[in-house]
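Asker: Marked as domain 'Major facilitator superfamily (MFS) profile' by TrEMBL: 7-456. Under the heading transmembrane segment, TrEMBL lists 43-61, 73-92, 98-119, 131-154, 166-186, 202-220, 276-296, 302-325, 332-354, 360-381, 402-420, 426-450 (among others).
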Amino acid sequence: MSAHRTVVLATMAAAFIAMMDSSIINVAVYSIGSDLRASLPQMGMMISGYVLFYGLFLVTGGRLGDIHGHRRLFLVGLSAFTLVSAACSVAPDPESLIVLRCAQGTAAALFFPQVLSMVHTTLPGPERERALSLFGMVIGLAGVVGQVLTGVLLHANILGLTWHQVFLINIPVGLAAIIGVAVATLRKPPRKRRAARSELDVRGAALLAAGMLLCVFPITEGRVLGWPWWCFLLLGGSVPVLVLFWVWERRLAARGGQPLATPALWRLSGYRLGNAVLVTLLGANAAFFFVLVIQVQGPLRYSPLAAGLLLTPHAIAFGATSVLARKRTGAAVLVLGCALNVLGYALALVAALAGPNGIALIPALLVTGVGQGLIVAPLVGRILADVPEGHAGAASGVMETSIQLAVSFGITVIGLVYFAGHSPKAAYTVSLAVIVGLAVTALALVVALLRAPSAERTTTR
């Protein structure tokens, strides 16, 4: 196997477990809570602690890779992630597991942005396209596969390990990825483009982390805590902090410094509009699976294993389409994919109006799987196509942070709709109608993206 292929497979495996871990605990959380005697808010923090700290430090992790080398940050971050995963598997109490999940998310934020950066800066054109296709599969499949895998593991209960095995699966994958990248790049590490001053924008990193914390924490914890008044205070406080971050970044770039996320990236129409499409698309997808799992495990009374297995048609359709269509990256493919996504959610809405029936959801899951399989890989490629090499890490970090925010906002907004006091059927159908609207918005944004210049380059400092 060539060194390039080894690097691609190893980095994609690492990216897969990073994204999978944001959802893999969802199905196991009640088993964990029962064993560790955790309260409902503590169980919520076991899930959201990872997502929160992962989102907080993705941009910083990407920029550190630009400064200190993507290979180095990948190996350090993945090593820490693997060690913390082992510690999570033996956590003795809820408090320890919450702290470890936060540390796990931080470690993931260090290595995950380096995946696309290494692809973007080291692979020749055809190999880069194949790697981006694989990355698109990772984005689309990790969350679904994580929930299916958790259901299977809990049902099998290998060696009586119950929920502990959910964290143990990261260890062999992490070690294999570390060894693969370390050996494949030993003689010729991925080249690093040095920043002008090789310094981290500490003030920008602090402002962004504070703004993200004020924004994401109330979003992820508000519903579990009953939306206390201070949640809205924190959300409101995030706006001026994030505005200060943007002002500081512009000022630093204007005087020749190295901002955490250069504002010039947002003058690239492909990057700007592509991120908008990705955010809308994945926000709708997260919302869809959130209400779907609630519906099948609640009114339809599916077991965790059965609920996970119901999602497999989507995963199979997505994976197969991503592979078969990886060389088809034209405008028609993106439009067709978004149109199929709208159709799939509409089919789910029709099935909901007809009455509760899990089997009736399978056509919707197949169609959305095909649609998203057509979209994600070419969309990621278009987003990063015009990004200068020296800003690949920061650009990847911003894109991945946008994805995390989209998932958090999608689940929170649809949760507010679903739990607004309607009957279960009304809550489900209204939620699906909102999701169809988001999918239509994504289709409109794709049309705008395709009309934008495809090869514009803006000078970045």
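Glycine is treated like the rest: Cβ placed from N, Cα and C.
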Asker: Relative to the transmembrane segment (73-92), which of 131-154, 166-186, 332-354, 360-381 accounts for the most Cβ pairs at distances under 8 Å?
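Answerer: Most contacts with the transmembrane segment (73-92): 166-186.
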Asker: Six or more residues out from either end of the transmembrane segment (332-354), which same-chain residues have a Cβ under 8 Å from its Cβ atoms?
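Answerer: Those are 277, 281, 284, 288, 292, 325, 360-361, 363-375, 378-379, 425, 428-429, 432-433, 435-436, 439-440, 442-443, 446-447, 449-450, in sequence order.
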Asker: Select the range from 98-119, 131-154, 202-220, 302-325, 360-381 that forms the most Cβ-Cβ pairs under 8 Å with the transmembrane segment (402-420).
Answerer: 202-220
